[in-house]
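Trainee: Below are the structure tokens for one structure; questions will follow.
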Amino acid sequence: MPRSFRIGSLFGIPIKLDLTFLLVLPLFAYLIGEQIEPVAGLLNDGLAAGIDVGAITAGTMPWLLGLAAAIGLFVGVVLHELGHSLTAQRYGFPIDSITLWLFGGIAALSEMPEDWRQELTIAIAGPIVSVLVGVGSYALFLAVPESLDGARFVLGYLAILNVVLAVFNMIPAFPMDGGRVLRAFLARSRPYATATQQAASIGKLLAVFMGLIGLMESSIIFIGVAFFVYIAASSEAQQVTMKAAFQDVTVGDIMTPASDLHTVEPETTVAALVQRMFTERHTGYPVIDTSAFEGERLVGLVTLTDAREIDPVERDAFTVDEVMTTDLRTIAPDSDAMTAIEEMRENDIGRLLVVEDGDLIGLISRSDVMTAFDIVQKSGAVNPSSQLRTAD
Ligand SMILES: [Zn+2]
């Protein structure tokens, strides 16, 4: 079942709804409906709204207004994300989609700008749009006749909510907008990876702080946002660190070369394959057909997951070519190591075949990547040869 589905597109950018959003929309409608009286009082005091509270709390009115305000709020969130997206597009960064989920919106950039000026502009564009939406809602609020209490309530509330949204997003908790602004400023005077590390550390600290406030106020939403910020800060910091570590590293540098590869033949039984996996402690093998007339030929890749599809008692009756994957994901040896990592992550696979001129010359797996990353972090270089050169 897909986690999200497309509801349309704006400026060529697909707008998607995540399943978690369908939970949060009625919840927000309910919460706003519950608090209609205090909020109307606030609007009457703060904006001199002159709303007849009796008229908007009668019958099902609170729930209808709650739903209208909740939908309005999420329209505001989409516009906020469009602010980020259109600015990013102007700099030439493609946008995959805008997704509405549990905690609002996400604009998925396929690539992050490393130029601090571009990042600053993209990050700040969202909150600026939110302020403008707030101002627009306020203008409509003023324009609507006094007799339409419900419409004035929704517009007045949206005016406040959008400004609150802008201010909240400017909290410097990376990867929230304010945190990206902070990273952009930090990146002016230090390397991008260092700036990210520092912004992420501040983000995690603020996340812990937000979590504590959430616990004290017993606010589920605050705890949720804190949790999300913490996880997202850690993962983005790790990704940027990896990217910096692997800057000049190619797939060829860290792959397992073909000469060291363990391979199987298509006619090997699944039982024999599983036995080999046990003794060699490998979970993926390229399948090489050696009977081919023109010599060895790569015909597939077989993993433990493939083997597990066959019931243990029947594994003698099946051969590798019946369970192997023939839709092979390959990569060139001169590709960046980071490209290989992203390729594996996006397709949710554990290994890629390294192919040059149609020949299998190696295999790169997640464990190859992690080992290389460990070595880079400890020694500052990937291959022994380049270490020797610096020692000359
Ligand atoms: Zn934003």
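From the backbone N, Cα and C atoms, a Cβ is placed for every residue, glycine too.
Just so you know, TrEMBL annotations are computer predictions that nobody has curated.
Feature table excerpt (TrEMBL):
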TRANSMEM  7-33  transmembrane segment
TRANSMEM  53-79  transmembrane segment
BINDING   His80, His84, Asp177  Zn(2+) binding site
ACT_SITE  Glu81  active site
TRANSMEM  91-110  transmembrane segment
TRANSMEM  122-142  transmembrane segment
TRANSMEM  154-174  transmembrane segment
TRANSMEM  205-233  transmembrane segment
DOMAIN    255-317  domain 'CBS'
DOMAIN    324-382  domain 'CBS'
Trainee: Can you tell me how far the Cα of the residue listed as 'active site' sits from the Cα of Asp177 (Zn(2+) binding site), in Å?
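Mentor: So the Cα of Asp177 (Zn(2+) binding site) lies 11 Å away from that of the residue listed as 'active site'.
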Trainee: Should Asp177 (Zn(2+) binding site) be counted as helix, strand, or coil on the basis of DSSP?
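Mentor: Going by the DSSP assignment, Asp177 (Zn(2+) binding site) falls within a helical segment, counted as helix.
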Trainee: Which Cβ among the binding-site residues (His80, His84) has the fewest C-beta neighbours inside 10 Å?
Mentor: His84
Trainee: Restricting to the same chain and to residues at least six past its boundaries, which positions have a Cβ under 8 Å from a Cβ of the transmembrane segment (7-33)?
Mentor: 39, 62-63, 65-67, 69-71, 73-74, 78, 82, 85-86, 89, 95-102, 157
